[in-house]
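Trainee: The active site, proton donor/acceptor feature in Swiss-Prot is assigned to His108, His174; the stated evidence is similarity to another entry. The substrate binding site annotation in Swiss-Prot covers Gln295, Lys298.
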Amino acid sequence: MANIEIPYGKSKLAFDLPDERIQGILRSKAGSYKVNMSEEDIVKRALENPIGTKRLQDLAEGKKNIVIITSDHTRPVPSRITLPLLLDEIRKKNKSANVKILIATGFHRGTTLQEMKAKFGEDLVENEQFVVHDSRNSENMELIGTLPSGGKLEINKLAVEADLLVAEGFIEPHFFAGFSGGRKSILPGIASVQCILANHCSEFIKNPYARTGVLENNPIHRDMIYAAKKANLAFILNVVIDSSHKIVNAFAGHSEKAHLKGCEFVSEIATVNAKPADIVITSNGGYPLDQNIYQSVKGMTAGEAACKDGGVIIIAAECADGHGGEGFYRWFKESKDPQDVMNKILSRGRDETLPDQWEAQILARILINHKVIMVTDSKNYEYVKDMFMTPAKDLGEALKIAESIVNNDSKINVIPDGVSVIVREK
């Protein structure tokens, strides 16, 4: 008997599985990756040895208006560690620079003051200049080019007006951009809603290269790279974290070169080989990534990659924030089945993309080929049902439901943290 723990909200769900039922337990190697350095020292080492560019302190010398793009409340970037070190590096040769910290919300809701203090610490919030990006506020946007896809590249004016643009973030597998981090700080991070919608169109989401761990020929990534170049993103600090959100590696320097090095590292530790199973049990990595159903689609894509067609995906996600997007929810609430959702989305052109359409498209793709059971807070049960999934109170109940759909002795793949792995079929 194997005891399995799955991240769920700010805690974990534990359950036992007979050894003979387990086809594979698929984990990123990040959890076992050993570093004999403190998190601070890992970041300092990266800042002192930038990839493809000068040190940040040298780039900052003589600059008057510096903007640091950081991640919002939905991302587990350990900014309490990284931001002070970035600020210190900038101020080593430029104590008088005006530094603004721009929170990249992308298409998410704005980060609240309470969430800012929880993420960055009260001292930092009270003593530094923070600005929350609002993709819907057209007055704060500036047109700086046309994306390879044809969409208008509009980003926050603060970034355009900066004489040095820096970004921090983290690199993990991403379910349609290939990997997070790097260029994503610009698009979707600080882009306008119209720009984000064009980049996330149904044509691109459908593209077979718009998948986890894939950058080459990925049209979404191609747009993002262009956006970072046009925005003059001069320096990045991207970290890699384990399942406890501890820093295990860091990459700093040129926005594309440093990011690619980081992606290579993540690919090495995150790629798992799986034989598809009838049942897959996974999660969205716990808080803050499982705050809503919308975000939890990411974890489901790992389940999709490790599950047979017609199989069952069980995802544990607390979803304290509910469905996470009215537009996303309505795609399902107002459709007769997942195929109906997909047909409606694919009928929309590149310039007709609606808010949250991409997440609905990916969830519909999963639901067309698999049953999904969601272990979540009971307040979400109606949402889950409306979205053609089945709610369950715990993993035991979820497994019983799954076994009523497939055989009782079906093999099971377990992916404790679905957002941390790149699943490749054996």
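Counting begins at 1 with the first residue displayed.
The backbone N, Cα and C atoms fix where each Cβ goes, glycine too.
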Trainee: Measure from the Cβ of His174 (active site, proton donor/acceptor) and count the other Cβ atoms within 10 Å, all protein chains considered.
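Mentor: A count of 25.
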Trainee: Name the residue among the recorded positions His108, Lys298 whose Cβ has the smallest number of other Cβ atoms within 10 Å.
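Mentor: Relative to the other recorded positions in His108, Lys298, His108 has the fewest Cβ atoms within 10 Å.
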Trainee: Could you give the Cα-Cα distance between Gln295 (substrate binding site) and His108 (active site, proton donor/acceptor), in whole Å?
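Mentor: For Gln295 (substrate binding site) versus His108 (active site, proton donor/acceptor), the Cα atoms are 10 Å apart.
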Trainee: Which number gives the other C-beta atoms within 10 angstroms of the C-beta of Gln295 (substrate binding site), all protein chains shown included?
Mentor: 22
